[in-house]
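If you look up Swiss-Prot, you'll see 1-16 marked as signal peptide, on the strength of sequence analysis. What Swiss-Prot records for 17-119, 20-122, 106-129, 110-135 is disulfide bond. Per Swiss-Prot, the feature topological domain 'Extracellular' maps to 17-146; the stated evidence is sequence analysis. Positions annotated as N-linked glycosylation site by Swiss-Prot, on the basis of sequence analysis: 36, 118.
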């Protein structure tokens, strides 16, 4: 029963971004073969979420994720260590794909708009780039930089006026 459930999980995640490009790597078939070799040691629901609709990647990122998955599966196939699949899959879903999604929608990669591929359907759609504040919430935008420069300029100007006044008073004291 567990083998069937695990097989269902692999088929469900077969809609993921890693299967959208580079078909010659046959990742879906290789993942199915690894699944057939697996004795279920883990609960598939804990790691194999079939919902990839929150993720969208550009062409370059999708190829990078596919190549990375190809290399990881090759290592798993050579070692015969199928227990690494859930760890890799969790890392992919929780860390790498969200990072690539953010990079694809933020400057400097994105300029105005970009074509992103939905990771569930593999269909491309033109999307607007995210605003700077959304991409880098802790960073200062151009308006903040202007205010900072004006404050620094004001402080320097004020210290210059104070310094000039002190020098003027010193010169007057020497003349007397």
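Just so you know, glycine gets a Cβ as well, placed from its N, Cα and C.
Projection of Swiss-Prot feature records onto the structure.
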residue: 106; record: disulfide bond; Cβ within 10 Å: 16
residue: 110; record: disulfide bond; Cβ within 10 Å: 19
residue: 118; record: N-linked glycosylation site; Cβ within 10 Å: 19
residue: 119; record: disulfide bond; Cβ within 10 Å: 25
residue: 122; record: disulfide bond; Cβ within 10 Å: 15
residue: 129; record: disulfide bond; Cβ within 10 Å: 17
residue: 135; record: disulfide bond; Cβ within 10 Å: 15
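Here the topological domain 'Extracellular' (17-146) has a mean pLDDT of 75 out of 100. Straight-line distance linking the Cα atoms of residue 135 (disulfide bond) and residue 106 (disulfide bond), rounded to a whole number, equals 6 Å.
Of the recorded residues, residue 119 (disulfide bond) and residue 110 (disulfide bond) place their C-alpha atoms 18 Å from one another. Secondary structure at residue 118 (N-linked glycosylation site), taken from DSSP and collapsed to helix, strand or coil, is strand. Spacing of residue 118 (N-linked glycosylation site) relative to residue 129 (disulfide bond) is 15 Å (Cα to Cα, whole number). Residue 110 (disulfide bond) sits 6 Å from residue 129 (disulfide bond), taking the CA atoms of both as reference points.
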